[in-house]
Amino acid sequence: MLTIATLHVALQVFGAFSPSHAAAVTLEHRSARDGNSVAVPANWDVYGYLFNVTVGSPPQNITMLSDMTWMAPFVRSGRCLGQFNPELCVAQGQSFFNEHNSTTFANTTFAQATWPVTAFAPNFTVDYGRDKFCIGEICNKDTLMQVSDFPYPGSVVPVIPFGGIFGLAPTPEAITATSEPVNFQAWKNGKMGPLVGWHTCEVLKSAATCQGGDAQLVFGGTDTTMYSAKKLQSYEIQNPEWLSDAFYPSTPPRSNYWSTSLTGMWIRTDKLSKNYAVPFKAVKTAKRTPPLAVVDEGSEGLGAPLSLNGYKYLVRHIKSAKLASKAIVQNIQQQGSSGYNTADQDWYTVACDGLHEYPDLVYQLDGRKKYTISAGDYVTKLTDMPGSVCYLNINVWKYGRTENGDARVVLLGRAFLKRKYLVLNFEDRSFGLAPLRTG
């Protein structure tokens, strides 16, 4: 989930996984010096994938939201309005980290930071502290983390089913301590390797490889039973200066997303459409540049990515496509199966059968490998409607649009990732994709 996206969701009850469910799997390491690995299951919630860690001494269980665009770890605390007062600062039912119950917690001299707009709370204000942070059995002492200190009582913030955010964004080229994810800090201290492996079990016959969850994260390595290393295509991240202001102005500017150039985006019927990955001028004085594709495993990127112009072309080439009624649009939004910040686009219903006749969506990253999303992964059934009602689950992302209907940024989310194994490499600042073994 992009850190400053606007969410309007109904809260759901989440059965958190215990850290004891972390398991040993067949893992890949870059070298023996890189340290250990641990695999943990994650469960899907309307906000994204959630999993458990422990923080402090003695350990406190904290359910974390996985976020590949967040940086240093964040925990809800008993602080607000510049004071420690859990009764005032934490709403009833909200989980949080109680620093006063940890013998190893320490404040730091890093300046307090505030983000005026976020998905979770306005004027999102944090202090910085250090404490022991464990993923499964792998622990890193003195992990630097964001500790909430909102400028209002806890009752202002809705109760959410997690007590922290586990940032998985790559570190910027100019690394600062406050931009380092938990696993990066642990890798620097020799506790684990520099890789993070990720896959979802959505298209698999069972959830065994996700330890009964919806997805599995491997910290410090990858699960080599789920992909062939020979088929892994890696991409060095590309974070041009204009990307930092593409969504929301940020000070200092952000330059750390898992992103690469999108050099091809086609709709394939009996032939390929024109290429909808249209180069554009990011700034008036610059040369034309290809749009970017940003990896986002969370609730922003659920649908298959297209530009508005590409979406219109797709609709024209599906005979059963009809503009959805207001009632159906409401059901789409309530079901939570499509990305947020798509409110400006039209929605279309389509026939639920004959998907093999629908077009494929084809993408090319950085002038190299091409990837395909078939109709079975971009046509979604509405579960709370009588009869069989399906719709085009396409993400024309609000913040990636250009005025003429092209896209400057698309999100590689669930529809794109569900049949792939994803490798995040924090040492090389690259990400890799390989076909997910489904047998």
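Any Cβ shown, glycine's included, is placed from N, Cα and C.
Over in Swiss-Prot, the protein carries these features:
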- ASP67: active site (ACT_SITE)
- ASP296: active site (ACT_SITE)
- CYS352-CYS390: disulfide bond (DISULFID)
- 49-434: domain 'Peptidase A1' (DOMAIN)
- ASN52: N-linked glycosylation site (CARBOHYD)
- ASN61: N-linked glycosylation site (CARBOHYD)
- ASN101: N-linked glycosylation site (CARBOHYD)
- ASN107: N-linked glycosylation site (CARBOHYD)
- ASN123: N-linked glycosylation site (CARBOHYD)
- 1-22: signal peptide (SIGNAL)
Could you tell me which of these disulfide-bonded residues, CYS352, CYS390, has the fewest other Cβ atoms within 10 Å of its Cβ?
CYS352
Winner by Cβ contact number (other Cβ atoms within 10 Å) across the glycosylation sites ASN52, ASN101, ASN123:
ASN52
Please determine which of the glycosylation sites listed here (ASN61, ASN107) has the lowest count of neighbouring CB atoms within 10 Å.
ASN107
Quick check: of the recorded positions listed here (ASN52, ASN61, ASN101, ASP296, CYS390), which one has the Cα closest to that of ASN123 (N-linked glycosylation site)?
ASP296
Going by C-alpha positions, which of the recorded positions (ASN52, ASN61, ASN101, ASP296) is nearest CYS390 (disulfide bond)?
ASP296
ASN61 (N-linked glycosylation site) and ASN52 (N-linked glycosylation site), Cα-Cα, nearest whole angstrom:
7
Work through the active-site residues one by one (ASP67, ASP296) and point out the residue whose CB has the fewest other CB atoms within 10 angstroms.
ASP67
